[in-house]
């Protein structure tokens, strides 16, 4: 039974019941509207707001402080701050030196590059970075990516010079990519790496890194360049005759020491320094052991000679010629995305603890500049690793001066102490890497994802298995593809809900969530849960039609009105408007009335420009669902059925 079965009194209309009319926003010039859209997209934090109504001299100072935050907090720096930063800097240096050497070996680069990369980039970040707690350095996952992606094109053993130059070039492109994202305010690109993606990817990469360290633990001379678990295990178990028990025993002893010190530090937070100092102590003890026992003559491999001196200039080593330029660019972009996601996430986490804000785009510029400068000074990719930053945070750092102290400590090491690393066993470096990587396999986070969101768990586990059983790049592609698929599903298949009235109120909520809600006789209320675009317009049209069919199939259905709650529809395009027009035509054929409730300003403006408001009638657009239902009820109860009128007329005759 539709609206044609009712006779509406001429003196009564919907407009007489409406107390809060929906207003159409005033028109705006196109360029002004475009400017506002661009501003909200690229400048949500309004970084230029501080420059308003300031004299030129003040604007120059503010600009300098924006580009180089050290000029903002530097004048307020105190001796007490320096004492804290000095302790923190020395502490993270004790971790940075062995980790730098270890991760450089992981990337199949000369070990000295790990020290170079812990000297120049931290100085650049201290000047340009906005985080007080981030400790800059090399990271295992990026090192693995460099080893995997560049190793597919150039064998680091057969052509070490070309491999080294490509590593510098990839780092240069990483810096260009990161800085460009920050300058053009495109940091939201990194947001496509969801939390689930990062958990799975990091866990998979950590597993691969751990398996690859079997080469160092077992003292193998030859090892596969592949990163998948099948190739690694095949390489290990086909060379059982080359296993060195001396190396394995030494490695597991140091691994037990490292894990034990971490366990102790986790149990007692004040003993964090034990875990922080453990890698350096392992290097010292391992070097002393090898030196006095001559273990290098019994199958224990050592680092060998490290050159003394500071970073040599490498700008002339950047390779921009064919045929490897595309490989360097691809490696730079992928490692840049991963390192940005890790560095910014770590920085924001510690900033939250200390209740201050860091600018993500500013951080990207800082990361980009330190990698550009680093690529020209014999460094490879650096970012803000979690382990080093956690030690910096726990050591009580106050500002980025802790990075400067760390860099100076590394400088002293480069100038004076590098000969002492000659007898450092590689198996100790493998133990350090394994210990660090075990902390990246966050199985608790995976379990949490399973309990909260099964699709996120699928993304996480797909990333993990993609990295472990295929390759690091394939795992990352699978994880990002699944994350993008979920975004598309959210857009293309938005939730539509039937709303009911909560008793003794004018509140309308999802009938499945609130089972005590009352349905409104003759009225179907649908909540559209997303902006209406070309991607979901057809789905919404079919879904609305199915809701209406389901409602009309119910016994004693007297459906007269369909109310669409537009509160969650932040925007609409021409395809969405066409969909609403089709819905209205379909309802008209069924003798049902379409009613809109709570449309936003942008939606109302576009509906008005497309003449849809004129088509539906402005009296059928309401500010709230409550007002829409009230008016529909008013019409239902004040209008007489035509059959009653016709019967009365025949009786009188």
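The backbone N, Cα and C atoms fix where each Cβ goes, and this holds for glycine too.
Among the ranges 308-331, 428-451, 500-523, the stretch that TrEMBL annotates as transmembrane segment is 428-451. Remark: the transmembrane segment (333-353) makes no contact with the transmembrane segment (428-451), by the rule of 3 or more CB pairs under 8 A. Across 134-150, 271-292, 403-421, the stretch most heavily in contact with the transmembrane segment (365-383), judged by Cβ pairs under 8 Å, is 134-150. At the 8 Å Cβ threshold, with sequence separation of at least 6, the transmembrane segment (196-214) comes into contact with the transmembrane segment (134-150) through 3 or more pairs. Long-range Cβ contacts of the transmembrane segment (463-485) within its own chain (Cβ-Cβ under 8 Å, at least 6 residues beyond either end) map to 144-145, 148-149, 192-194, 196-197, 199-201, 203-205, 207-208, 226-230, 334, 338, 446. Within its own chain, the transmembrane segment (243-259) has Cβ neighbours under 8 Å at 216-220, 278-279, 282, 285-286, 289, 295, 298-301, 425, 427-428, 430-432, 434-435, 438, counting only residues six or more beyond its boundaries. Residues 85-86, 88-90, 92-93, 96-97, 100-101, 111-112, 115-116, 118-120, 122-123, 125-126, 129, 134-136, 283, 287, 303, 305-311 of the same chain sit 6 or more residues outside the transmembrane segment (403-421) yet have a Cβ under 8 Å from a Cβ within it.
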